[in-house]
Amino acid sequence: MSLNNYWSRLLQTQWRDGGWLSRLLHPLSRLVDRSVRLKREAYRDGRKQAWRAPVPVVVVGNIYVGGTGKTPVVVAVLEGLRARGYTPGMVSRGYGARIQGPPRVGQGQLDPAAFGDEPALIAAATGAPVAVHPRRALAAQALLAAHPEIDVIIADDGLQHLALARDIEIVVQDERGTGNGLLLPAGPLREPPARLNEVDAIITNLNTGPAQVAQTGAARHWAMWLEPLDAQRVTDGKRQALSAFRGKKIAAAAGIGNPGRFFRTLESAGLSPSPRLALPDHYDFSRSPFHDVRAEAIFITAKDAIKCARLKDTRLWSVQVRACFSDPDFLDWLDARLRNLP
């Protein structure tokens, strides 16, 4: 095991269970906690002003750092609202893209280097207009200027970006819940666990195991899981059932916040890939990590696939997934909340 992998696993264990390293970092977490509280108080008492869009804003975010399954939820929300008569658009920070000038607005097939991995994936999956900028209020203004027909904005991963006023907050968490309950760096949280009592809804990504979730009083709570649909070859778009790969020599790779979740999704489809490459989140694939992989097929995430076309590796297959909710009334609940906003 490399030194980097050792420290990464140690940190993840400490974030889940606590321990000596978490205790050592606890004073820094107290400073982060104070900074977070002061920021929220500044917006609450009017010392800082949030920009309010002329249309409703729905934030989909989390308090646990890293991947919890937000992107499939954003896709489901965009598609669900469109099916209910809305014209939705999305704003995002555009993580990984260097945006130093005005916001970037696009639709359809977008360059992940210019828009970021998640916005490019969501735009391709839904066809919804997207705008990206570190200042999400500017992104929202640019989105509405370019697409005045938009009547609801979905803010991807914007829970802590208080400069953009919001009407509905949805938190996506996974089976890790709130971990050891501490803020960064002693724990995995961006905000205190009590923040969950203030949001409108909590969606827990169960994956294939039992959830250990925080108990909250105010929020509606749904469970979700990712259902694997089929595989799409990256080089030519050919689709094939996942069952067709059973019995073949297959591998898997994921450059996302929680690679293990992707590997378990494949297992739920009856596949046992080996090797399994856990790549860094937002891995850019400027160099192929697959040269030494001996496999007939290599499964990758849809987010990684948008960056892998240039590799021209016919073994690469993107696994298409769909967010399923424990109660199908989630999107109806969201529709009703939007229609009853003041």
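Residue numbers in this text run from 1 along the chain shown.
In case you wondered, yes, glycine gets a Cβ from its N, Cα and C as well.
Classification of Gly66 (ATP binding site) by DSSP places it in coil, neither helical nor stranded. For Gly66 (ATP binding site), the number of other Cβ atoms no farther than 10 Å from its own Cβ, over all displayed protein chains, is 14. Residues or ranges marked as ATP binding site in Swiss-Prot: Tyr64, Val65, Gly66, Gly67, Thr68, Gly69, Lys70, Thr71.
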Which has the fewest other Cβ atoms within 10 Å: Gly67, Gly69, the binding-site residues listed?
Gly67
Within 8 Å of the Cβ centroid of the ATP site residues Tyr64, Val65, Gly66, Gly67, Thr68, Gly69, Lys70, Thr71, which other residues of the same chain have their Cβ?
Asn62, Val172, Asp174, Gly257, Asn258
For Tyr64 (ATP binding site), the nonlocal same-chain Cβ neighbours (under 8 Å, six or more residues apart) come out as Gln173, Asp174, Arg176, Gly177, Thr178, Gly179, Pro188, Leu189, Arg190
Across all chains shown, how many C-beta atoms besides its own are within 10 angstroms of the C-beta of Thr71 (ATP binding site)?
26
